[in-house]
Amino acid sequence: MTGRAFSSDSISYLTQREAAEVDEMLMGPAPGFSVDQLMELAGLSVASAVAEVYAPAEFNRVLAICGPGNNGGDGLVAARHLRHFGYAPAVCYPKRAQKPLFTGLVTQLESLSVPFVSVEDLLGGELLNGFDLVLDAMFGFSFCGAPRAPFDELVRLVACLSRDKAERDGKSPVVVAVDVPSGWDVEEGDVSGEGIKPDMLVSLTAPKLCAKRFSGAHHFLGGRFVPPAVAEKFNLCLPPYPGSAMCVRIGKAPQVDISALRVNYVSPELLEEDVEPDPMDQFRKWFDDALAAGIREPNAMALSTSGKDGKPSSRMVLLKGVDQDGFVWYTNYESRKAREISENPNAAIMFFWDSLNRQVRVEGAVEKVSKEESEQYFYSRPRGSQIGALVSKQSSVIPGRHVLAQLYKQLEEKFSDGSGIPKPGNWGGYRLKPRLYEFWQGQPSRLHDRLQYTPDETEGKKGWRVVRLAP
Ligand SMILES: Cc1cc2nc3c(=O)[nH]c(=O)nc-3n(C[C@H](O)[C@H](O)[C@H](O)COP(=O)(O)O)c2cc1C
């Protein structure tokens, strides 16, 4: 592994025969998958890809049109997962396969009260008005020839959706195709011109040749189950899947109109009578909420400083301690931020907790923490981070990555006997002592709540004054 980014130009596309051979090998003695397992993983990949692009709040009503073969089975599994993801799927499954695998999938959907709709209902016009998203799981990589009734009509109907989209002012459902858009040739694409033109294509295992001709907005790959032996045998070059994802985007980045990106925040109101009198207590409360909400790195904060020239600069740092005296982070005392702080101790930090629609701003003066406090934290860090602190002359210009790697290696060898790594003198903590806080809670129609705390003294008693600011 070189760690280089995967290039989507190098991805493998399969012929129809290769796709069949890969499938056969996957279900052969090694690696020995069953068709049920592959179908389950394929359907889960499709549902995950749908959820990644089309949020259930906006695209709730999903129609899965399932064909008689395995592609239809993938659609049934996807519909079941989408139901669990919070969508309201319905299924059109006119030519039901009778094998236990498929009858079982139908029973599972029925036990989730997923409705089955008839072809007649769809042809009667319900399709256009009743759904936000149509999942085309009619035909997959093994299909050839022309679709037979009733799928010929269904393909025509779904194909019309994309063709007439502009005329219908974006009111028609989006179309997501499973592996191969129905009506397409598996290798040549939409040769008849009458196939489905999906907005999203979820290729499974590896994209088929026809996917090169896909021009919709979102191309994903799913089917995270190909073991190295199968990839090697077929010379497959497939992208890495991020983290624990069941799908990965392989097409171009989505084209979006930045000016149209907006979220309507819906949150509980933040009222003066509900907040803590001490802003540090309020901060802790919100920090606990951020932890409970599973936000990744809730302690990441933007730190803004400016030197004597008054020009501000911002960067992220990690909050490593919080107490009545303030907010602590660690860094290099010779970095740009350190130079600016030495020239001007006034700084601002800011937390943004996306899924909670919350922002916290804190402003105040910054001072170094004691050497003992810095040492205590330094020695609690993993050895790799300790060596890293020694290696990096933060914010200075270096000729290339290799310099860091070389120095890291040298130091790793130097301390390979397990001896203690001394804290560098130019590394340590800072504490921002707050003199202003603002708690921001996003609300619908941009009528956000903003409560600002500033120090206050009444009758010789120190406290905080809370005011509401206009959003
Ligand atoms: C999420 C996140 C957390 C970071 N945490 C720290 C940190 O705790 N300390 C630090 O020195 N740099 C941290 N960095 C790197 C800084 O953003 C920045 O690149 C570095 O401190 C140099 O900044 P400067 O040149 O303005 O001094 C973090 C970056 C990110 C994205």
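From the backbone N, Cα and C atoms, a Cβ is placed for every residue, glycine too.
Site annotation (TrEMBL): (6S)-NADPHX is bound by Asn70, Asn71, Gly72, Gly73, Asp74, Gly140, Phe141, Ser142, Phe143, Cys144, Gly145, Ala146, and the candidate from Asp36, Asp179, Asp190 recorded at this site is Asp179. When Asp23, Asp132, Asp136 are compared with the K(+) site residues Asn71, Ser182 in TrEMBL, the one appearing in that site is Asp136. Under the DSSP three-state reduction, Phe143 ((6S)-NADPHX binding site) is assigned to coil, being neither helix nor strand. Using a 10 Å Cβ-Cβ cutoff, Asn70 ((6S)-NADPHX binding site) registers 22 neighbours. Taking only the Cα positions, the spacing between Phe141 ((6S)-NADPHX binding site) and Ser182 (K(+) binding site) is 10 angstrom. Under DSSP, Gly72 ((6S)-NADPHX binding site) is assigned to a helix (H, G or I) in the three-state scheme.
Distance noted between the C-alpha atoms of Ser182 (K(+) binding site) and Phe143 ((6S)-NADPHX binding site) is 9 Å.
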